[in-house]
Amino acid sequence: MTTSEETVALPTEIGEFLTHLQKERDLSPNSVGAYTRDLREFSVWLAQTHGVGGWDWNELSRTSIRGYMAHLTRRGLAKRSIARQLSAVRSFYRWMHRDERVDINPARAVGSPRLPRTLPSYLDRQQADTLMQHATTRAQSLDFTDVRNLAMLELFYSSGLRLSELCGIDLSDLDLVSQQVKVRGKGRKERIVPLGDHAQRALRNYLVKRDALLLQLGGAKAGRLARGAVFLSARGTRISTRAVQHAMVTLLDAVGEGADLTTHSLRHTFATHMVDGGADLRAVQELLGHASISTTQIYTHTSVDRLKKVYRQAHPRA
């Protein structure tokens, strides 16, 4: 009988680590879920190679971790997926080492696969204008969904939010008078980001529709309504990330731009247009909630590549 995710119980230590991530580090459910999947797969491999419960965390070596990386490579996983798996194992061992459960962190000395530096997909100015005009025209129907979708789109482009950040906004986070919103990013870190005039106007219009919806849905469904959430489904519950993705991709498809574009492309569009407009890179880093400036620097490469393209097209001796 072969071991599998169904037959291998999650080791106690990994369960305690996941609890630590959830309660002490206050990671989002999505992040904890990703750690759970990656570490469960690591546990299955350990059970297959050492027997169920047949290993000691203190005895696993750098060679053991490299063996797991080789196993993932043979399975055909992409380099980015392997790097993510290694990061989860490193974090788990780092916690074990700090808690004095192991003497060393064997994953620390294992190098991550070299990842190709891919430039993010984004909309140019004309494409962004076309998209916004399309969403604005749809919102003139005054349909709840269309008005809400315009507000979400304007907020993505105005403030460069992540998908999970937008879904998590509460009414108490919004300050339309000061034109700013508080968001909770990775690791539940809070930051304040500004709202543009168009986003503020779209949000004001949406909130009128939102209040009318809640009034209409009151009574039998009152206990299930997400009265504190900004963005709601037509049922009055907090909108899901899947629903936002579907709404935004539908808008992108309608203007012929959806092939390789997602909600994250709207965040990339915000950052690219900020850098193109001369914004200081440190300011863009803070607006995006990046922990490292190196993550933000990709937008300078995007701008340089675009300038090179313009140069090659325009200069007679390019």
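These residue numbers are counts, starting from 1, taken along the chain as shown.
Glycine is treated like the rest: Cβ placed from N, Cα and C.
Predicted automatically and left uncurated, TrEMBL annotations should be read as such.
The domain 'Core-binding (CB)' feature in TrEMBL is assigned to 8-97. The domain 'Tyr recombinase' annotation in TrEMBL covers 118-312. Marked as active site by TrEMBL: R162, K186, H264, R267, H290. Among the features that TrEMBL reports, active site, O-(3'-phospho-DNA)-tyrosine intermediate is placed at Y299.
Feature map: TrEMBL annotations on the structure.
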residue	record	Cβ within 10 Å
R162	active site	19
K186	active site	14
H264	active site	16
R267	active site	22
H290	active site	17
Y299	active site, O-(3'-phospho-DNA)-tyrosine intermediate	25
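Within 10 Å of H290 (active site), as judged by C-alpha distances, the active-site residues found are K186; the full candidate list was R162, K186, Y299. Mapped onto DSSP helix, strand and coil, the domain 'Core-binding (CB)' (8-97) counts 66 helix, 0 strand, 24 coil. Nearest neighbour of H264 (active site) by Cα distance, taken over the active-site residues R162, K186, Y299: R162. A straight line from the CA of K186 (active site) to the CA of R162 (active site) spans 9 Å. Restricting the average to the domain 'Tyr recombinase' (118-312) gives a pLDDT of 89. Each residue contributes its Cα atom, and for R162 (active site) and R267 (active site) these two points are 7 Å apart.
For the pair R267 (active site) and Y299 (active site, O-(3'-phospho-DNA)-tyrosine intermediate), the C-alpha distance works out to 11 angstrom.
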